[in-house]
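According to Swiss-Prot, the features are:
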- B:157-184: zinc finger (ZN_FING)
- B:228-301: domain 'RRM' (DOMAIN)
- B:329-481: region 'Disordered' (REGION)
- B:331-345: compositional bias 'Pro residues' (COMPBIAS)
- B:369-389: compositional bias 'Low complexity' (COMPBIAS)
- B:399-410: compositional bias 'Low complexity' (COMPBIAS)
- B:423-444: compositional bias 'Pro residues' (COMPBIAS)
- B:449-471: compositional bias 'Low complexity' (COMPBIAS)
- B:472-481: compositional bias 'Polar residues' (COMPBIAS)
Amino acid sequence: MPKVKTNRVKYPEGWELIEPTLRELDAKMREAETDSHDGKRKCETLWPIFKVSHQRSRYVYDLYYRREEISKELYEFCLDQGYADRSLIAKWKKSGYERLCCLRCIQPRDHNYGTTCVCRVPKHLREEKVVECVHCGCQGCASGD
Amino acid sequence: MAHRILRDHEADGWERSDFPIICESCLGDNPYVRMTKANYDKECKICTRPFTVFRWRPGRDARYKKTEICQTCCKLKNVCQVCLLDLEYGLPVQVRDTALNISTHDSIPKSDVNREYFAEEHDRKARAGLDYESSFGKMRPNDTILKLQRTTPYYKRNRAHVCSFFIRGECTRGAECPYRHEMPETGELSQQNIKDRYYGVNDPVAMKLLGKAGEMGTLESPDDESIKTLYVGGLNSRILEQDIRDQFYAHGEIESIRILADKACAFVTYTSREGAEKAAQELSNRLVINGQRLKLTWGRPKPDQDGANQQGGVAHSGLLPRAVISQQHNQPPPMQQYYMHPPPANQDKPYYPSMDPQRMGAVISTQEAGGSSTENNGASSSSYMMPPHQSYPPPPYGYMPSPYQQQYPPNHHHQPSPMQHYAPPPAAYPYPQQPGPGSRPAPSPTAVSAISPDSAPAGSGAPSGSSQQAPDVSTATGSSQ
């Protein structure tokens, strides 16, 4: 048989420190995926997915950019393996989007009148104070509040 | 059904439009409205053909509204595309049709292919520019419908729907629930059907409204048989007494018409009760003068006969001015007093001579002999009770407030004559005279100058030359001398 290339994961150093948390978050995601939909609205069933995804990406982003506890290599490894969302982190690096909830909420094509989601509006500028956005259940991700 | 697949949206049969045909209430109170337009998004609730759906939010506290029926259906009945109420009057189709006695009912087929065919034909004709029978433009509004119509927009219908989870007690959304957390209205009115409402058949709201309209028309006669006065409300400055007379004379002999301009109302008294009743019946919901719709009801008698006409007081005769009411306190009133709606609080305004019938020439027999008419006292009539609304009692002539004093002292000995200008001598009271000289400074100097050369013969000849009220003057001057 010809040699088949397999991709075997080679964990960089420092991985042991972050692995438990990442495994935990993975388990949480699995739980969100397999939850039943009873008692929830149709859009509400997806909210935990977005929440966990945000949480995971946030963890990796914090480690590298804020706390600087992992190396670039490890960081890139996490992004490649799918433990964090690269494009979401790319948004977090921009000013005004530091707390962005998900990528759907800033996509004008997804909204009527080509706007962004209501969760992006700062609370002091909104009329309804309590709001859960329909995409990800976010209650306000503007950088101000 | 026989719907065609959209191959070419320019082709006949499928509706396109640029702006919805909607009423003011449905459009909302916000002048800025963002609207989405979706071609062929939904099917019309009546004719089930695809049409352009517009969706917008009519105001800040409103839910999103969208057009429910197509423009063809809406034009056939002249209704709003969203609420299916008439565009001009805001009334349900059934009410408008009954009130105006029109019936588009039968001409529109209601079933199946018939209906689609009719709608398409209509649409095609409209697009071809043929001016079909758009009879709604030619309707003359009649009284009933003008009374029933909605004049201001009604935004309550734009509120969010009631939260169905809340009704069951299960709403877990709490504060962020966009639906109303109230119990729904139950009863007859809550079972409405869009097709019934559109065709004007069996519409509970319409029935209710028509029921109310039926009762509204009748104006009951009051129990008190002696009331012969009708109250006319909603006057404006363009309506003259002659206009009122023209409207009312046909029903009976008019005894008097009194207009109160500051209250925008009038009282029409007939000599006979039958005349008044006839007028009430004929004109009750139909009174329009010079394009102004007027309210007509029976005049109401005053509840108490004592000096209830106090300041800011309640009851006041619609027929008789206050001065004469006070006179009538002295005699048993031969007829009843009437209410004014609302009573004028007249303390600060000058008391116009034209409000006093005596100054306008009416003769009141009991007062002449008792007329005060002393030299200094001619102004204050002791036999007259002070009209109660006045804020200060009439001072004797000499105590007139100073602004007027320089006019009076020179007139003082010509007193009878200037008095003629400002008050009939027997019934004179100084208060009316105060604004008199204030408001008519011009006449008084001329009067003075006219009188002064005549003063030598002690004014007896002068009055005849300068006065306008001949009969009383001579007696006054006679008694004052």
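A Cβ is built for glycine as well, from the same backbone N, Cα and C atoms used for every other residue.
Same-chain residues lying 6 or more positions outside the zinc finger (B:157-184) and placing a CB less than 8 Å from one of its CB atoms are 25-26, 28, 58-59, 61-63, 65, 83, 190.
In this model, the domain 'RRM' (B:228-301) carries an average pLDDT of 81.
With DSSP classes pooled into helix, strand and coil, the tally for the zinc finger (B:157-184) is 10 helix, 2 strand, 16 coil. Using DSSP to sort the residues of the domain 'RRM' (B:228-301) gives these counts of helix, strand and coil: 25 helix, 27 strand, 22 coil.
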